[in-house]
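To start, the structure under review is shown below, and the notes come after it.
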Amino acid sequence: MIYYMLLILPVVLAQDQQHTTESLSTKHHQQQQLSHSNAIMGEAGVSNSQLMQPSTPARTLRPLTAGAGGDPSLYDAPDDCHFMPAAGLDQPEIALTCNLRTVNSEFDTTNFSVIPAEHTIALHILCNDEIMAKSRLEAQSFAHLVRLQQLSIQYCKLGRLGRQVLDGLEQLRNLTLRTHNILWPALNFEIEADAFSVTRRLERLDLSSNNIWSLPDNIFCTLSELSALNMSENRLQDVNELGFRDRSKEPTNGSTESTSTTESAKKSSSSSTSCSLDLEYLDVSHNDFVVLPANGFGTLRRLRVLSVNNNGISMIADKALSGLKNLQILNLSSNKIVALPTELFAEQAKIIQEVYLQNNSISVLNPQLFSNLDQLQALDLSMNQITSTWIDKNTFVGLIRLVLLNLSHNKLTKLEPEIFSDLYTLQILNLRHNQLENIAADTFAPMNNLHTLLLSHNKLKYLDAYALNGLYVLSLLSLDNNALIGVHPDAFRNCSALQDLNLNGNQLKTVPLALRNMRHLRTVDLGENMITVMEDSAFKGLGNLYGLRLIGNYLENITMHTFRDLPNLQILNLARNRIAVVEPGAFEMTSSIQAVRLDGNELNDINGLFSNMPSLLWLNISDNRLESFDYGHVPSTLQWLDLHKNRLSSLSNRFGLDSELKLQTLDVSFNQLQRIGPSSIPNSIELLFLNDNLITTVDPDTFMHKTNLTRVDLYANQITTLDIKSLRILPVWEHRALPEFYIGGNPFTCDCNIDWLQKINHITSRQYPRIMDLETIYCKLLNNRERAYIPLIEAEPKHFLCTYKTHCFAVCHCCEFDACDCEMTCPTNCTCFHDQTWSTNIVECSGAAYSEMPRRVPMDTSELYIDGNNFVELAGHSFLGRKNLAVLYANNSNVAHIYNTTFSGLKRLLILHLEDNHIISLEGNEFHNLENLRELYLQSNKIASIANGSFQMLRKLEVLRLDGNRLMHFEVWQLSANPYLVEISLADNQWSCECGYLARFRNYLGQSSEKIIDASRVSCIYNNATSVLREKNGTKCTLRDGVAHYMHTNEIEGLLPLLLVATCAFVAFFGLIFGLFCYRHELKIWAHSTNCLMNFCYKSPRFVDQLDKERPNDAYFAYSLQDEHFVNQILAQTLENDIGYRLCLHYRDVNINAYITDALIEAAESAKQFVLVLSKNFLYNEWSRFEYKSALHELVKRRKRVVFILYGDLPQRDIDMDMRHYLRTSTCIEWDDKKFWQKLRLALPLPNGRGNNNKRVVSGCLSGRTPSVNMYATSHEYQAGNGGVIPPPSARYADCGSNNYATINECAAAGGGRGYKPIPTSASAAAAACKFNTMNQLSKKQQRDLSVAGMAKTLEHQHHHNHQANRRSQHEYAVPSYLPSAAPAYDSVDYAKQQIRNNANCECVNLGTAKRAAGKNPASGLPSSFSSNFVPPGGASYNCKKSCSCIGDDELLCSCGGGGGIGVNLLESGTQSSVTMSSSSNNSRQPELTHYESNLSLNDDEDEDHDQQKNLWA
């Protein structure tokens, strides 16, 4: 780097002016899109100043050496980029990194041609991941960078990699394309064929995190030098799409299997021959693979590392790893694997080194699976379902080089001694989290190299003397969290090298004798046991013990000789016991001890325990019962001391050790400390925790000499005042941070001694710490009747007060005399306050029992509180000379009289409180001298009269309270002369109802309604009757003989009962109408759910729209791909299975590869109701695509009604105008509505064929989609030997029960039946016969049904050759699924309800009455080849001919006329039916018997299907 810095030369300004700035991203040509992008970019917090600005001549050219010649050449990096020398190269080559917003998007136009081609060998492009804008790479974007060797493009939302994008990059070695489209599911990443045709020298290719769904054929074939490929975190579903399948091992033409080859297989076979690459590393983890097929990686002969972890793989073919001759590391972890084929590692037996299978569902483990893998070094089988049944002497045979074996988190209950017979090189064995209850003798004897044995979290109860025989080099043994109640004294006899022993979490009551004389032991963990007593010789012979953990036991005392045999002990943990007594000198025998934990015990005193321990550095004695502490109790070398949660009232330092101690951390929180001073804290302290104590006083200079101080916690104490000297420290150097103090949570008082605290963080002298929680500090106001507390930072100078009794200013010379106005003397029984400047002087005499004005009230009083006394009158000149008085409280003092001169001299009075007294009248001159008065409170007196002009002189009056008096004729309109009045209170008086007065009063009320705060309560009195003044209809004034009269309206009193009844009826009627309107939806739901008035509320079926009746589906659901689980598992599960709706789901049933608009409209038109699940995922993904919007527009134009299901939180700002319009005009149902299902059923049409087992009719949904069967089925046909082609049924399926360890794949070759009659054609019976197959065990009833299924398949295969053209296409590896699956078998015959009898004449009689399906004739469309004795399902029985022969163990079927027909109940539903059988009485789901997943049509109108079924049953 120094070499390059020396080469940087200044550039002449003339040269600078000749070059213009070039940026990768230039301004878009359309101003409208530019403004739109600025708005979006602004939200994302991205600056566009450099990306979007036009070129400017502000570039400084960067010189670069040109090689050996030494001539510098200029390297001109674009403004969006920065460069650095490429690592690991001697030549001055450049690695360029460009940070862009997007690449060629609607916001930016990107020009990569400005990147200098010379010296640029590495280019890294990073886009802004927060911007969801689609980027684009143009053809030949990097064609000029002919020397480029590394190209990395990340976070750019690319949708396609064209075939000419990489043109010109012939020298490219390393390519990384990570769009991270996986976070934007709506955007896929597609790669065109021949996209890598130019980059033939590519060695490393990373295409991870791109949301790739599929790949072109042989896309990687041109990369002959490729050694590493990363395809992780995509959406790939078929391993064969990678193009690494070895097709040379597939069957040739002319075989029987070729006749049943599916359309997908033909397409694969017709592609070019498989290419062979020299890949050494392949990562396809985090995809959606569910099957690992045979020969899937067969062409990768040199592959060493294969990672297929974190997929959904549930089945692995026998030859899945065929061709991988050099495979060393295989990672199949975090899948759904249940079993593994026996021959999985057949070709890698001599090369495989590491196998990772953890976090699967493996419950079956073939004993031959791992045998003789003599190069295997690591095997991880943890987190599976393996039981001891599958671990025997053959499981690990031949693993002579195995070093690591992980069997943790399984269900092992026992270990046989022969299991580990060949594992003599094993070093680490993990058996944690199993169910082992005992260990047999010599179980681990063969593993003489084992150094780590983990047996924790099992159910071991006792450790036998011979359980650990042979473990001579064992160094770590974990037996924690078992149920051990004892250990044999000789249990560790052969583990002489043991260094770390974990016995915690057991039920031991004493220290095991087996520990004695274990001279190599370094650590012993006996915590969380039940040990109550430790003998003096408990640790005899443990001379090298380093750490001892005894936490969480029941120890009560420690004797002097307990640890005498542990001279090298350094860490001792005795926490959480019941220790109350520790003998002095108990720890002195262990002179090297450095850390001791005694917290959580019952110690009262530690005097003499630790003072003579010079090596002690760390001591925790918290949560005990200590009442006293002195620094002399601990050694001076101690660095960390924890005393929190004790009962300490002080920190004593009798010997003055504050300068000698080396203590750095001290925790004394949660104690009872009341005072701290300089000697309470050592000078070496760095971290001090004093919070949650009772500290009231912090002495000055407490922290003065604590030069290493970094943090002090004083919060949650009882500090009320704090002197500035209490926090003073020595000056801190500029390069060091000031100490941090936390003092919040204290009951500070806003006195005059604490005002400095408000500004302490702004002091620049660096002699005071920083208060980190200053904003949280509140202080209590000493005298404030409006609020008790105030935030310290909001307090004003007038809030910081101090009390005084007497004070004499320096300029006052009469203080020695009695009559001295400049002397401040607080009256008796009063409290006086002042601020720092004495501008605020408060005299508080409230409730002092004065009967007359207190004498000697200070002349400079600014606020006087004399309320709550017993004055009869306020005499004249009572406040004479108090020229500074601004606030006067004389309320609630029984004042009856005030005089004209009472308030003389109070020119500065602002607030006067005289409420709650006994004042009778105001004569007019009482307030004339109060020209600056702002607020006057006279409420709750007995004022009956107020003279005119009483308030005339109060020009600045703003608040006047007169409510609660006895006023009758006061001319309130005179208050208009007070221009600043904003608040008047007049209620609760006895205002006159005389008409003349009342008119003027009302007029004033109308004009001053905003000022009079209680105008609604103002009323007048007439003949002891009260009336609100604003009431106009209740009274009326008339003039008769010049006298105003008040008349009640008695005319209507006789009509009151009638009016009351009419009013109630009116209110009830409109209440009923309003209730029906408000709850109309609930009433509709109730009527629908109870079928109440259904014939009246809804149209009769004969009035239903004929077009809707012809639609095959009840509803079509559109939703986001991210909400697929919610729709499939919750909505569809309930609507289809519980209610019987026929649904079409977008991502399940619609061909999403077709044009979205047409597919969506076609699917919606095939259903009676269109339902859209609106969520945040839909708004951000699908709705952002034009196709969805146009489809929804078209549906609305066709008057297609839309029902919205609102799922999750919907951000309002992200809902555009179109969606808002649809939401306003459509039915919306919220998922979290408690009546969601009722409302949804009300919004949907009645299901077709209600009451039947309705199949989902997807003819309208699947238009243009190729039907296929279950590609993930588990059966023999999915093997390399068959090439993915389903063979015809043969007799070899009948017997496979003899092979006890056969998988489904091996059933075909197995021989010897196990309780089955030879059924020549039943592959399903073969599957059921396998004892240890990968599928669930079948019941007898299921075996019987499967046998019947085999016969049906036989007849279907006979019809196969005649009607090959009518067969539906099938996936390349698809096989029939004969076992229970998630797909229901509709219209199944319930044989559990039939009465089946064995008959000597082979007559299958009295089968019972079958149920009719959908109310149609079940016999319609039946094949004519049935026996003439056949009775339709509506009849009473099936009678076979005398010549019939029985088929099956329980005579379920009859073969009549030499096999000419089979009696099977064939039910019909709609236009399609499945030949199925059920074994449960409640129509539970059972496998279909058809060879394919297609259904047999029984409609007479379909001639082709009718012919097919006749031939099928011929």
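Sequential numbering from 1, following the chain as shown.
In case you wondered, yes, glycine gets a Cβ from its N, Cα and C as well.
Annotated features in Swiss-Prot:
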| type | residues | note |
| --- | --- | --- |
| COMPBIAS | 255-273 | compositional bias 'Low complexity' |
| COMPBIAS | 1473-1484 | compositional bias 'Low complexity' |
| DISULFID | CYS752-CYS802 | disulfide bond |
| DISULFID | CYS826-CYS832 | disulfide bond |
| DISULFID | CYS830-CYS845 | disulfide bond |
| DISULFID | CYS993-CYS1020 | disulfide bond |
| CARBOHYD | ASN230 | N-linked glycosylation site |
| CARBOHYD | ASN359 | N-linked glycosylation site |
| CARBOHYD | ASN406 | N-linked glycosylation site |
| CARBOHYD | ASN494 | N-linked glycosylation site |
| CARBOHYD | ASN557 | N-linked glycosylation site |
| CARBOHYD | ASN708 | N-linked glycosylation site |
| CARBOHYD | ASN829 | N-linked glycosylation site |
| CARBOHYD | ASN891 | N-linked glycosylation site |
| CARBOHYD | ASN900 | N-linked glycosylation site |
| CARBOHYD | ASN948 | N-linked glycosylation site |
| CARBOHYD | ASN1024 | N-linked glycosylation site |
| CARBOHYD | ASN1033 | N-linked glycosylation site |
| REPEAT | 145-168 | repeat 'LRR 1' |
| REPEAT | 324-347 | repeat 'LRR 7' |
| REPEAT | 349-372 | repeat 'LRR 8' |
| REPEAT | 374-398 | repeat 'LRR 9' |
| REPEAT | 448-470 | repeat 'LRR 12' |
| REPEAT | 519-541 | repeat 'LRR 15' |
| REPEAT | 543-565 | repeat 'LRR 16' |
| REPEAT | 614-635 | repeat 'LRR 19' |
| REPEAT | 660-682 | repeat 'LRR 21' |
| REPEAT | 683-705 | repeat 'LRR 22' |
| REPEAT | 707-729 | repeat 'LRR 23' |
| REPEAT | 883-905 | repeat 'LRR 25' |
| TOPO_DOM | 15-1057 | topological domain 'Extracellular' |
| TOPO_DOM | 1079-1514 | topological domain 'Cytoplasmic' |
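Annotated features taken from Swiss-Prot, shown on the structure.
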{"residue": "ASN230", "record": "N-linked glycosylation site", "DSSP (3 states)": "strand"}
{"residue": "ASN359", "record": "N-linked glycosylation site", "DSSP (3 states)": "coil"}
{"residue": "ASN494", "record": "N-linked glycosylation site", "DSSP (3 states)": "coil"}
{"residue": "ASN708", "record": "N-linked glycosylation site", "DSSP (3 states)": "coil"}
{"residue": "CYS802", "record": "disulfide bond", "DSSP (3 states)": "strand"}
{"residue": "CYS830", "record": "disulfide bond", "DSSP (3 states)": "coil"}
{"residue": "CYS845", "record": "disulfide bond", "DSSP (3 states)": "coil"}
{"residue": "ASN891", "record": "N-linked glycosylation site", "DSSP (3 states)": "coil"}
{"residue": "ASN900", "record": "N-linked glycosylation site", "DSSP (3 states)": "coil"}
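Over the repeat 'LRR 16' (543-565), the average per-residue pLDDT in this prediction is 94. According to DSSP, the secondary structure content of the repeat 'LRR 19' (614-635) in residues is 3 helix, 4 strand, 15 coil. Long-range contacts of the repeat 'LRR 22' (683-705) within its own chain (CB-CB distance under 8 A, at least 6 residues past either end) are made by residues 644, 658-659, 661-677, 711-720, 722-723, 725-730, 739, 742, 745, 769. For CYS832 (disulfide bond) paired with ASN494 (N-linked glycosylation site), the C-alpha to C-alpha distance reads 87 Å. The Cβ of ASN891 (N-linked glycosylation site) has 22 other Cβ atoms within 10 Å, all protein chains considered.
A distance of 18 Å separates the Cα atom of CYS752 (disulfide bond) from that of CYS826 (disulfide bond). Break the repeat 'LRR 15' (519-541) down by DSSP state and the numbers are 0 helix, 3 strand, 20 coil. When Cβ atoms from all protein chains are considered, those within 10 Å of ASN900 (N-linked glycosylation site) total 14, not counting its own. Tertiary proximity for the repeat 'LRR 23' (707-729) is limited to same-chain residues at least six positions away from its ends with a CB under 8 Å from its CB atoms, namely 664, 669, 683-701, 737, 739-749, 751, 753-754, 756-757, 760, 767-769, 773, 780. Residues near ASN406 (N-linked glycosylation site) in space but far in sequence (CB under 8 A, at least 6 apart, same chain), listed by position: GLN358, LEU379, ASP380, LEU381, SER382, ILE428, ASN430. Spatially, by CA atoms, the recorded positions ASN557, CYS826, ASN948, CYS993 include one closest to ASN891 (N-linked glycosylation site), and that is CYS826. The C-beta environment of ASN359 (N-linked glycosylation site), restricted to residues of the same chain at least 6 apart in sequence and closer than 8 Å, consists of SER333, SER334, ASN335, SER382, MET383, ASN384. Within the same chain, residues 95, 100, 102-103, 105, 112, 115, 117-129, 131-139, 174-181, 184, 187-199 sit at least 6 positions outside the repeat 'LRR 1' (145-168) and bring their C-beta atoms closer than 8 Å to a C-beta of that stretch.
Around the Cβ of ASN230 (N-linked glycosylation site), 20 further Cβ atoms fall within 10 Å across all displayed protein chains. The two recorded residues CYS826 (disulfide bond) and CYS993 (disulfide bond) have their Cα atoms spaced 51 Å from each other.
Among the listed disulfide-bonded residues, namely CYS826, CYS832, the Cβ with the most fellow Cβ atoms inside 10 Å is that of CYS832. The separation of ASN829 (N-linked glycosylation site) from CYS845 (disulfide bond), Cα to Cα, is 7 Å. Shown are the disulfide-bonded residues CYS830, CYS845; the one with the most C-beta atoms within 10 angstroms of its own C-beta is CYS845. A sphere of 10 angstroms centred on the C-beta of ASN829 (N-linked glycosylation site) encloses 11 other C-beta atoms. Comparing ASN230 (N-linked glycosylation site) with ASN494 (N-linked glycosylation site), their Cα atoms are 49 Å apart once rounded. The two recorded residues, ASN900 (N-linked glycosylation site) and CYS1020 (disulfide bond), have Cα atoms 31 Å apart. Taking only the Cα positions, the spacing between CYS993 (disulfide bond) and ASN948 (N-linked glycosylation site) is 20 angstrom. Within the same chain, residues at least 6 positions away in sequence whose Cβ sits under 8 Å from that of ASN494 (N-linked glycosylation site) are LEU468, ASN469, GLY470, LEU471, TYR472.
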